[in-house]
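Read the structure below first, then the notes.
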Amino acid sequence: MTNPRHNIREIRSPRGPELNAKSWMTEAPLRMLMNNLDPDVAENPNELVVYGGIGRAARTWEDFDRIAATLKTLTEEETLLVQSGKPVGVFRTHKDAPRVLIANSNLVPHWATWDHFNELDKKGLAMYGQMTAGSWIYIGTQGIVQGTYETFVEAGRQHYNGSLKGKWILTGGLGGMGGAQPLAAVMAGACCLAVESDETRIDFRLRTRYVDEKATSLDEALAMIDKWTKAGEAKSVGLLGNAAEIFPELVKRMKAGGPRPDIVTDQTSAHDPLNGYLPLGWTVAEHKIKRESDPKAVEAAARASMKMHVEAMVAFWDAGVPTLDYGNNIRQVAKEEGFENAFAFPGFVPAYIRPLFCRGIGPFRWAALSGDPEDIYKTDAKVKELTPGNTHLHNWLDMARERIAFQGLPARICWVGLGDRERLGLAFNEMVKNGELKAPVVIGRDHLDSGSVASPNRETEAMKDGSDAVSDWPLLNALLNTASGATWVSLHHGGGVGMGFSQHSGMVICADGTDDAARRIERVLWNDPATGVMRHADAGYDIALDCAKDKGLRLPGILGN
């Protein structure tokens, strides 16, 4: 039987100013869908997998072709509906409505489990969209670099007097998200030892300059770390190995007086025990075969390995090493496997990122549909021009230009908040209008943002008012972005932490240089981050309440206005 998800063809987004669709409002989602499957972008494009275990861009190759064909013929008064990667309908709407509305992997809560999802997936009735895979705004590993960088910098501020020079970070996973860690660490001034069980992943990160060196033994990797930290250099090494073995071994060596990491985290694809985590002692080839032949055994073995992995992380924490969960739900699995103390160490959002979320600051990103890197460099300069006092942001943009290799369509990410997003979006649109840019740009974000996600083990962990699991907020965010006129809007379940543990929404808007686009940008790029300020103000955070007042938000049930 032919696998409808396998195809050896190579997909790359069109470049330049020529349209393949009827307008830029439909050309933009077409190009970004194709860009998600570019071999320089996606982790496993032949299987439609973009990143994050089995995060896909379309349900099957037939669905991909139908989506692409529909986008090419869609008018400016029609909207395409996509249900878990399948184009299910086209309906008459209006010019300011989204051109695409996407819902991926959503399940009624009682049935929101990996077992039930995997049954549906096997029958061809569902698709796991992760966050930006099924919403067509993945820009490669750069997409999470700055968030990881901000986390490491803040950890340095809190634990090491503001400097990570001569320090080293231990982590696991070099997939589409985890691959950001070594580069983010180096940008923050630290060394990084990243454990990865699939050698092709290490090689991919070497090729795209996200990791500096490769090691095949722990001793070899530690020798590199020792040399670099003593010299005050910031460099990274990808170690071929299994984190469930390497982490406990490092604990053992640390307790015997050996090397001690300065920060410990992990970004393996532990959110998906069947597809995302290699059990201890298994080969990659064996894992691939048994996922099909004996999925229950794979999951059981992976979960047991994760427990060992987390036990080691808690041992580091107990020894005084700053340790953080980076949002892959590995603590939850370890607890379910009987390790009661799995949540001893915090998640990265409550530990380091939440004050940014309170001001609507999060992962603002844009991509140049022209395919020309110069368009991104020009927008970088515009960001600096419009944020003259923000030296931290300027330093980030300089480092990003120097260190980050573009994957697929040239793109940039920078964390900015309420007010700045709208100003930058309008400026980019004006640059398109004036011919400064060779083609329109799309502006979007990760679903990991201040107002667009409910994820009690990640973004909304330990909320001040206990509202961690309330998922009205991402639903309201998606509805408001739809009403505001985003070019495409998505609502997903299970991204980052897996089935049953998150709901989240995304939006993308196309800046094509028109006055219509400017009006939509003004609404969308104000309202979207404003929902994050609203959500955190409702939870009682003073920073968010002050921001809401300062920005003049009307929040009747919160501010009484």
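Cβ atoms are placed via backbone N, Cα and C, with glycine included.
According to Swiss-Prot, the features are:
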type: ACT_SITE; residues: Cys414; note: active site
type: BINDING; residues: 52-53, Gln130, 176-178, Glu196, Arg201, 242-243, 267-271, 277-278, Tyr326, Gly496; note: NAD(+) binding site
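Between the CA atoms of Ala243 (NAD(+) binding site) and the residue listed as 'active site' there is a gap of 30 Å, rounded to the nearest whole number.
The secondary structure of Glu196 (NAD(+) binding site), as reduced to three states from DSSP, is extended strand.
Separating the Cα atoms of Ser269 (NAD(+) binding site) and the residue listed as 'active site' is a whole-number distance of 24 Å. For Cys414 (active site), the spatially nearest entry among the binding-site residues Gly176, Glu196, Gly496 is Gly176, judged by CA separation.
Summary: among the binding-site residues (Gly52, Gly176, Gly496), the fewest other C-beta atoms within 10 A of the C-beta are counted at Gly496. Shown are the recorded positions Ala243, Cys414; the one with the most C-beta atoms within 10 angstroms of its own C-beta is Ala243.
Ala243 (NAD(+) binding site) falls within a helix when secondary structure is assigned with DSSP. Cβ neighbour count within 10 Å across all protein chains ranks Tyr277 highest among the binding-site residues Glu196, Ser269, Tyr277.
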